[in-house]
């Protein structure tokens, strides 16, 4: 990936910014998906047929027609076939610009956000805004599957490497869901840590748990956006394990009132936006 790309140098990430309290859709900034997909060789055709970046917006507020502040939580689903990623700091600044803006209804806010995000992403976006009382009905969930974290192994490499993926898949064909809560990468621009849990669902030759964990831990000093990390993991597993079916789904902890949860699959539909214990 060309980290010196002009569009990346223009991002507000890592720079002092002014917070606006009047609605301004121009605050949204896009990162072209092709920048990372070029390095993976998947610009023209992606190995996943279904994908979405699932966001939860915890800090959403506006004024009603009488000037009374309203607060809500929203789900946003951005199709992975869209041209662009939404840069998270710009998303936060954009949402803050609603704070002193009057809207007739929650539905009007929802339509406005959906329209603005669709234009920025250049693709399909859905937005659902919830009252706090409705969102409170959601219970804390966890990924289904076997957790691979409690292995009695020594690890001393934390820079990204694909070495451990050599010979990762052997034996009979199985259908499994594997989970790790040890995913940690760093922001592409600021190097701030991004913490997440990951679920890998597949049909294929059985994956070696130790090799898989070593590979995931190697992201610990790796600098990429959430969405890019998940696509890299998907592509690497397809290359080295060659499963018949594969899903990679990561849920990251929130920052700035937003959490980002990329989902990529070649056989499953987009899941409901759950909430995990660290979210």
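Cβ atoms are placed via backbone N, Cα and C, with glycine included.
Per Swiss-Prot, the feature substrate binding site maps to 86, 87, 88, 226, 227. In the three-state DSSP scheme, residue 227 (substrate binding site) is classed as helix.
If you look up Swiss-Prot, you'll see 88, 89, 255, 256 marked as NADPH binding site, on the strength of sequence analysis. When secondary structure is read from DSSP and collapsed to three states, residue 255 (NADPH binding site) falls in the strand class. Around the Cβ of residue 255 (NADPH binding site), the number of neighbouring Cβ atoms within 10 Å comes to 16.
Cβ neighbours within 10 Å of residue 187 (active site, thioimide intermediate), excluding its own Cβ and spanning all shown chains: 18. Sequence annotations record features per position, and here Swiss-Prot assigns active site, thioimide intermediate to 187 based on sequence analysis.
Within 10 Å of the Cβ of residue 194 (active site, proton donor) there are 24 other Cβ atoms, across all protein chains. Annotated active site, proton donor per Swiss-Prot: 194, in sequence order, evidence recorded as sequence analysis.
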- Relative to the Cα of residue 256 (NADPH binding site), which of the binding-site residues 87, 88, 227 have a Cα no more than 10 Å away? 88
- Query: Which of the three DSSP states, helix, strand or coil, fits residue 86 (substrate binding site)?
  - Reply: strand
- Message: When you rank 89, 187, 255 by Cα distance to residue 226 (substrate binding site), which of the recorded positions ends up on top as the closest?
- Response: 187
- Under a three-state reduction of DSSP output, how is residue 187 (active site, thioimide intermediate) classified: helix, strand, or coil? coil
